[in-house]
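Following this message is one structure expressed as structure tokens.
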Amino acid sequence: MVHYLRIRRIFPFPFPKIFPPTKHGNSPFATFTIRTPNANPNLEAVPSSFPFHSPQTPHLVPTNNLTSKHPAAPSLDKSPACHQNNLNDIISSNKIITSYIRSGDLNSALRVFTNMTVKTTVTWNAILAGYSRKPGKIIQAQKLFDQIPEKDTVSYNIMLGYYVQNSEMETAWSFFNSMPVKDTASWNTMISGFAQNGAMGKARELFLAMPEKNSVTWSAMVSGFVECGALELAEEFFEFATEKSVVTWTAMISGYMKFRKIEKAERLFREMPVKNLVTWNAMISGYVENCRAEDGLKLFRIMLRNGIRPNHSSLSSVLLGCSELSALLLGKQVHQLVCKSLLGHDTTAATSLISMYCKCGVLDDAWKLFLETNRKDVVSWNAMISGYAQHGAGVRALHLFEEMRSEGIRPDWITFVAVLSACNHTGMVGIGIRYFDSMVKDYGVEPRPDHYSCMVDLLGRAGKLVEAVDLIKKAPFKPHSAIFGTLLGACRIHKNLEIAEFAAQNLLNLDPKSAAGYVQLANVYAAMNKWDCVARVRRSMKDNKVIKTPGYSWIEIKSTVHEFRSGDRVHPELASIHEKLNELEKKMKLAGYVPDLEFALHDVGEEQKEQLLLRHSEKLAIAFGLIKTPYGTPIRVFKNLRICGDCHRAIKYISAIERREIIIRDTVRFHHFKDGGCSCGDYW
């Protein structure tokens, strides 16, 4: 492996002018697929296989050199009129070939090419570029390249790009070294290939040897270092870049977002002289992926105000943000944007919308959109099956899975996560085990950690904790922390202290800073009134500087998201919220509600425990929703932790007293409360 030199040792110039053609000629490289960059410093990277004009000259031969189909073809120099007519015919034919190639119709282009009596190098290059757009045509492309009578730099660049695109890196390297003339696009093709393959040592060597660099070169290096995790080197190359295109800036912003350096990404975004849609998308998706969806949605609104039209990538990120925040109103506005744009009939856009509606608790709209989607792929089916599973409609989810199979859509590993989740949320243990066993046997899908987590949850909820532990021990991989976290949650439900301690110990061994491990174990002890053990766990958390994620709930009212924490003291309308809760408490107790003090996880008196339970974040959000929304409309509340048993019981009473449908989404699933019951059937 080539040692990375710090870039401060590389500079100042000059660089070596010649790269030895045989020094690394036999080096093996892994395979990959890239899009080869053009040499134009003012544009974003485009395929160097673009056949019609190269921004770098000279050509090896003039591009208007003519080749005759027949050896006996008449001389074009004898008659100026004839010469002009022939040139017009050639130019016309070249334009037709170009049009066919751009539309992906190689066969029609070949028919025109074959019927041409005289061809220029441009003609040959156009057909070669047509082959380069078709994966698996490398042998035909090689034969055509060999037949070109007078190859120019574009010919060589197209062939070089095709080798790289087809993962023929050793062949590409040998071909590059044999090229009689290399222009900037040739060097960029190889550098980008090595960079995107993670071979940054080779990319850097070639970068140092490259005679003249442009913005594409710098972009390739910055992007490559970002992708391989060398953010510091990416920063240094960005700092010393003599030409920074919008692509270079955007690559660095993406790198900062990838490594959670959000403030640095924001600074670069502000400083950029020119931004394009990809730049805005990088910021929006970066915010969403870094759990700052609200900032992403704000930036999206600014982007629209600046007159920038979103594409599928923008809308997908925004819809994901809407899903995370449960911002249904904005999600519906994005739906309108999709319908008005060219993406109205796009399967991927429709799938993003289906997922958004499912995660915002509007299953009926998701289903309607699913039915209206003409071309459903496996991702579309997965989104809808998963939506039904999340909402506890397990039977409907499994029926949809069988319908998917009858439509000839082959399930993937994500499909089975949704199917097992559907079994999990409805307690269909036997059916879930059969589906799990059929994955490899019937579908060739190897179980992943996510499938094992679903199965541990399925068995754990059903009280089959010993079977869950056995499954973990038989897993063909080292269990990850989520599996033990799932087991620990089941132990709390069934009050199994021995397995809880086993699960907690394994969880904390894998992730010593896991607040969930400490909290879940403390909850098990609290449920069994072992307050000395609860205190010991909390001391251990403090000693290890583990910070518990506070529980909170939120509700969207007129496009504004209101957030509540348990025992909230800051919301401006707390007085009216508490008044509403006190009123509800009296009515609930008259109807038979008894607070479940097991879920007041503090060693205090019963009256204080009741007050703590009454001030849980989901109850505060529901009371606020009852005050602020019209009578009869559903209330949608979202929570960052699992809903507690007392809140679940209380909300059933509230739904009956207030005659409202109340929809709660916690970290596990959706609960639809109506007329005193819940869609989960008290199994969650």
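Using N, Cα and C of the backbone, Cβ positions are placed for all residues, glycine too.
Straight out of TrEMBL:
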type	residues	note
DOMAIN	592-684	domain 'DYW'
REPEAT	120-155	repeat 'PPR'
REPEAT	183-217	repeat 'PPR'
REPEAT	245-275	repeat 'PPR'
REPEAT	276-310	repeat 'PPR'
REPEAT	346-376	repeat 'PPR'
REPEAT	377-411	repeat 'PPR'
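Could you place these features in context, so I can see how deep they sit and what lies close by?
Residues of the repeat 'PPR' (120-155) grouped by DSSP class, helix first, strand second and coil last, total 25 helix, 1 strand, 10 coil.
Over the repeat 'PPR' (183-217), the average per-residue pLDDT in this prediction is 88.
Residue counts for the repeat 'PPR' (346-376) by DSSP state, with H, G and I taken as helix and E and B as strand, are 23 helix, 0 strand, 8 coil.
Distant neighbours of the repeat 'PPR' (377-411): 347-348, 350-351, 354-355, 357-359, 361, 363, 366-367, 370, 417-419, 421-426, 428, 431, 443, 445, 669-672, 679-681, 684; these residues of the same chain sit at least 6 beyond its ends, with a Cβ under 8 Å from one of its Cβ atoms.
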Pull the DSSP breakdown for the repeat 'PPR' (183-217) and write it out as helix, strand, coil residue counts.
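Going by DSSP assignments, the repeat 'PPR' (183-217) contains 26 helix, 0 strand, 9 coil.
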Under DSSP, the repeat 'PPR' (276-310) has how many residues in helix, strand and coil?
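Across the repeat 'PPR' (276-310), DSSP assigns the residues as follows: 26 helix, 0 strand, 9 coil.
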